[in-house]
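Working notes for the structure below.
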Amino acid sequence: MLRHVLGKTFRFLGYTVQYGCIAHCAFEYLGGIVVCSGPSMEPTIQNCDIVFSENLSRHFYCIRKGDIVIVKSPNDPKSNICKRVIGLEGDKVCTSNPSDFLKSHSYVPKGHVWLEGDNLRNSTDSRCYGPVPYGLIRGRICFKIWPLNDFGFLRASPNGHRFLDD
């Protein structure tokens, strides 16, 4: 009797560990569902929108300008932020706020990206904390899941003029 109970218990624990490892790998390497909060990505992503984030792009260095990414916050490593990639390493970016009279520019260093929220007037982003190391990128947002009336791929940046091509 005891042998039977121990056998079932160990089988259950074995299956739990196996499925836990599979779930971990799926969420770490494939992607997952993310609830976005805060006003920095409005109007593209509203507060409490639910999106799908895939993680393969970051592993294969396929992040491009214009992509919306989930990143470990440079200010608080315990939290994630959602921002748009404005510049990749070597790109010239505008580092000043839209309301500044004199515009300042800089180049994104090797191994970094320049991130900004779509809501430039209400976003803490690379204009505050500088270029972000590529290693902090957790995933790329593919499409919006919730609300259902907004389901689908995300729209282009309302700040397309901030992308510099020189």
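Every residue gets a Cβ built from N, Cα and C, even glycine.
Curation plays no part in TrEMBL annotations; they are all automatic predictions.
Worth saying up front: this structure is predicted, and the values here are computed from it rather than measured.
For reference, TrEMBL has these:
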- SER40: active site (ACT_SITE)
- LYS83: active site (ACT_SITE)
- 16-97: domain 'Peptidase S26' (DOMAIN)
- 103-146: domain 'Peptidase S26' (DOMAIN)
For the domain 'Peptidase S26' (103-146), distant same-chain residues with Cβ under 8 A (at least six beyond the ends): 31-34, 39-45, 49-55, 57-58, 61-63, 67-72, 74-75, 80-97, 152-154, 157-159, 162, 164
Neighbourhood of SER40 (active site) by C-beta distance under 8 A, where only residues 6 or more apart in the same chain count: ILE81, CYS82, LYS83, GLY117, ASP118, ASN119, ASN122, SER123, THR124, ASP125
C-beta crowding around LYS83 (active site), within 10 angstroms: 25
Counts by DSSP class (helix H/G/I, strand E/B, coil) across the domain 'Peptidase S26' (16-97): 19 helix, 26 strand, 37 coil
